[in-house]
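**Q** From TrEMBL, here are the annotated features:
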type     : residues : note
DOMAIN   : 516-640  : domain 'STAS'
TRANSMEM : 112-130  : transmembrane segment
TRANSMEM : 165-187  : transmembrane segment
TRANSMEM : 199-226  : transmembrane segment
TRANSMEM : 246-263  : transmembrane segment
TRANSMEM : 275-296  : transmembrane segment
TRANSMEM : 367-390  : transmembrane segment
TRANSMEM : 402-424  : transmembrane segment
TRANSMEM : 430-453  : transmembrane segment
TRANSMEM : 460-488  : transmembrane segment
Amino acid sequence: MEVANGKNNNNNMISVDIGMEVHKVEAPPPISSLRKLKTRLKETFFPDDPLRQFKGQSVKKKWILGAQYAFPILKWGPEYSLQSFKSDIVAGLTIASLAIPQGISYAKLANLPPIVGLYSSFVPPLIYAVLGSSRDLAVGPVSIASLVMGSMLRQQVNPVTDQVLFLQLAFTSTFFAGLFQASLGFLRLGFIIDFLSKATLIGFMAGAAIIVSLQQLKGLLGITHFTKKMGLVPVVSSVFHETDEWSWQTILMGFCFLVFLLVTRHISIKKPKLFWISAGAPLLSVILSTLFVFAFKAQNHGVSVIGKLEKGLNPLSWNMLQFHGSHLGLAMKTGLITGILSLTEGIAVGRTFAALKNYQVDGNKEMIAIGLMNVVGSSTSCYVTTGAFSRSAVNHNAGAKSAVSNIVMSVTVMVTLLFLMPLFRCTPNVVLGAIIVTAVIGLIDIPAAYQIWKIDKYDFLVMLCAFLGVILISVQEGLAIAVGISILKVLLQITRPKIVMFGNIPGSDIFRNIHQYKEAVKIPGFLILSIEAPINFANITYLNDRISRWIEDCEAEDETQKHCGLRFVILDLSAVSAIDTSGVSFFKDLRRVLDKKSLELVLVNPIGEVMEKLQRSDDTSDLMRPDSLFLTVGEAVTMLMSSMKHHV
C-alpha cells in the first residue's frame with residue numbers, strides 16, 4: 001500500500017494504492033481458566049523455570065540434580081582442581097587481610113563489640129561456600145548494613161549503658177533479616193527488592209558514605225563526647241562544640257594513615273594489577289599503628305585503643321534472641337531494612353562479577369544462601385552479613401576460582417580468633433576510623449550520578465532525595481523517601497499511560513509517532529492513536545479524557561483548514577499487554593460516545609489476552625466487528641479509505 005499527501009485546487013486529497021492482502025485478526029485458541037492461572041503463576045514466580053533440568057531424567061539423576069541445586073558445592077566440587085585451589089588460597093589470604101580490619105571496624109560502626117565483626121567473618125562465609133552460586137562473592141559485614149543497624153537500634157537502646165540488650169537486639173535483627181531474605185528466595189518473591197532502583201541506591205549509598213565518614217570524626221579527632229544522631233547538622237555541630245577534646249596526637253596519626261590508605265586505593269584504581277596494595281593496606285595500617293602505640297605507650301597520651309578482645313571461636317547466641325518484649329518491633333523493622341539493603345548489595349555484586357566471567361548467578365538461590373547464612377549467624381554471635389563489594393573486587397582481582405576462597409578466608413579468621421586476638425589490644429580506634437572512611441568513600445559514585453542526570457531527570461530527583469534525606473534527616477527516613485518517590489513514579493506511569501498520534505511515512509504503509517518522525521503526515525479523516533501501556537481501572541479516566549481532547553482538536557483543525565471531516569478513530573493496541581474489566585468497559589463506553597458523534601472506532605492488533613476479554617464482553621458483536629478490527633494500521637487505513645470511496 002502507498003499512502004501519500006496529494007493536492008488539487010479544492011482541498012487536500014489522499015491517493016491510495018490498494019495492492020495489499022488484508023489479513024484476518026485471529027482470536028487466541030481457547031485455554032481453560034486453570035491453565036491460564038498456572039501459566040500466570042509460573043511466569044510470575046518461576047520465570048527461569050528451575051525444573052526444566054529435571055525433564056526426561058531418571059529418578060537417580062533427578063536426586064543428584066536436586067542435591068546440586070540445593071547445594072551448589074556438589075556441582076562444582078567434583079570438578080575442582082589443584083590449580084584452582086592454589087588460586088583460591090592466594091585470593092582467600094588476600095581478602096582475609098582486608099576482612100580482619102574491616103570486620104573490627106564495621107562492628108564499631110554498628111556500635112557492637114569489635115570481636116563480633118570477626119565472628120561475622122568466620123561462620124557466614126562457610127555457610128555461603130556450601131549454598132551460594134557465585135564464585136567471586138566474598139562474604140562478611142558491610143558498611144551500609146552496619147550503619148543502618150547501629151543507627152536504628154541506637155534510637156531506642158543505648159549501646160554503652162545497655163550493651164547486653166543492644167547485642168541481643170542486633171542478633172535478633174540479624175535473625176529476622178535472614179528469615180526475610182530466605183523467605184523471599186523460597187517463595188520466589190525477589191522482585192520485591194527491585195523497588196530499590198539504581199538511582200535510589202546511588203543516592204542512598206553516597207549519603208550514607210558521607211554520614212559514615214563524618215561519624216568517624218569522633219575517632220579521627222579523639223573526641224570523647226559525641227552526638228548519637230546521624231544527621232549532617234548535629235554531627236558537624238558536635239565536632240565544633242567539642243574542640244577542647246581534640247587530640248593532636250590522634251589527629252596526626254589519623255591524618256597519616258588516612259593519606260596512606262587513600263594513596264594505596266588510588267594506585268589500585270589506576271593500576272588494577274596492583275590490587276594487592278590496597279587490599280593489604282588496612283591490615284598493614286593496623287599492624288604499624290598497633291606497634292607504634294605499644295612502643296610509645298600512646299594510649300597514655302590521648303590515643304584511644306580497642307582494648308582487650310576475647311580469644312576463641314564464636315559462642316552460641318541462640319539464647320540471646322529476643323522474640324518478645326517491647327523491642328520486638330524495633331528488631332523486626334531493623335531486620336527488614338538491613339535485610340533488604342544487604343540482599344540488594346549481595347545480589348548486585350554477585351551478578352556484576354558473574355557477568356565479567358560469563359557465568360550465571362541464580363538470584364533466588366542467592367537469597368536463600370544469604371538468608372540462611374544470617375539465620376545461622378544470628379545463633380553464632382554474628383550480625384548481618386552479605387557479599388561486600390570491596391572484598392569481592394579484591395577476591396576477583398586476586399584470581400579466585402570458586403567459593404573455596406571464602407573457606408580460606410574463614411580459616412584465616414579462625415586462626416586469628418584462636419591465637420592472635422591479644423595482638424589487637426593496642427590497636428588505636430583512629431586507624432579503624434581511617435579504614436572505614438577509605439572503604440566507604442568508594443560508594444560516592446559521581447560519574448553514575450552525572451549519567452543519571454543526562455538520561456532521566458526524574459531519576460536524578462529520586463537520587464537527590466535519597467542523598468539529602470540520608471544526610472539531613474536519617475538513614476532510614478532518607479531511604480524511605482527515595483523508595484516512596486520511586487513508587488510514585490511507577491504509579492504515575494500506570495495512571496498516566498503514554499498515548500501517541502500516528503502519521504504515515506510517505507511512500508510506505510508504515511505509520512509512526514508524528515512527534516518522533518517529522519516526515520510522518522496525518523491522514524485527513526483519521527485519528528490514529530497508539531496506546532502504549534496496559535489498560536486498567538487506574539488509567540481509564542485519563543485515557544477517556546485524553547482521547548476526547550484529541551478528537552476535539554482534530555475536529556477544530558478540520559474546520560480551520562477545511563479538511564475532510566473526522567470519520568475514524570483508530571486505536572493501535574499492539575503495546576497494550578493487559579486489560580481488566582474496567583478497561584473493557586472503557587472500550588464499550590468509547591464506542592457509544594463515538595457513535596453519537598457519527599465516528600467509527602477501529603481497533604488494530606489486540607494481543608491474545610486483550611482480544612479474548614473484548615470478545616467475551618461483546619454480547620452484541622458490535623465492538624469486534626470484522627470491518628472494525630485489523631491486523632495493522634496500514635491495512636485498516638487502506639480498507640477504510642476504500643469503503644469511503646465506495647460510499648461517495
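Cβ atoms are placed via backbone N, Cα and C, with glycine included.
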**Q** Does the transmembrane segment (367-390) reach the transmembrane segment (246-263), going by 3 or more CB pairs under 8 Å (6 or more apart in sequence)?
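**A** In this chain the transmembrane segment (367-390) does not contact the transmembrane segment (246-263) - fewer than 3 Cβ pairs sit under 8 Å.
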**Q** How do the residues of the domain 'STAS' (516-640) split into helix, strand and coil according to DSSP?
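**A** With helix first, then strand, then coil, the domain 'STAS' (516-640) has 59 helix, 21 strand, 45 coil.
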**Q** Using a Cβ-Cβ cut-off of under 8 Å, list the residues of the same chain that are 6+ residues beyond the ends of the transmembrane segment (165-187) and lie near it.
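**A** Contacts of the transmembrane segment (165-187) (Cβ under 8 Å, skipping residues fewer than 6 from its ends): 45, 110-113, 116, 149, 153-154, 157-159, 193, 317, 320-323, 327-328, 330-332, 334-336, 338-340, 342-343, 364-379, 381-384.
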**Q** Please indicate, using numbers and ranges, the residues of the same chain that are 6 or more beyond the transmembrane segment (402-424) and have a C-beta under 8 Å from a C-beta there.
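**A** For the transmembrane segment (402-424), the sequence-distant neighbours (Cβ-Cβ under 8 Å, at least 6 residues beyond its ends) are 73, 76, 80, 84-85, 88-89, 91-93, 95-96, 99-100, 103-104, 114-115, 118-119, 121-123, 125-126, 128-129, 132, 134-135, 137-139, 286, 290, 306, 308-314, 395.
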**Q** Ranking 112-130, 246-263, 275-296, 460-488 by Cβ pairs under 8 Å to the transmembrane segment (199-226), which is first?
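**A** Between the candidates 112-130, 246-263, 275-296, 460-488, the best contact partner of the transmembrane segment (199-226) is 460-488.
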**Q** Would you kindly list the residues that approach the transmembrane segment (460-488) from elsewhere in its chain, counting only those six or more residues past its ends and only Cβ-Cβ distances under 8 Å?
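**A** Apart from its flanks, the transmembrane segment (460-488) reaches 147-148, 151-152, 195-197, 199-204, 206-208, 210-211, 229-233, 337, 341, 449, 452-453.
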**Q** Let me check one thing: do the transmembrane segment (246-263) and the transmembrane segment (112-130) come into contact, meaning three or more Cβ pairs under 8 Å with sequence separation of at least 6?
**A** no
**Q** Do any residues, 6 or more residues outside the transmembrane segment (112-130), come within under 8 Å Cβ-to-Cβ of it, and if so which ones?
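**A** That would be 71-73, 99-100, 102-106, 137-141, 150, 159, 163, 166-167, 170, 306, 309-310, 313-314, 369-370, 372-374, 376-377, 380-383, 385, 387, 403-404, 406-407, 409-410, 413-414, 416-417, 421, 424, 432.
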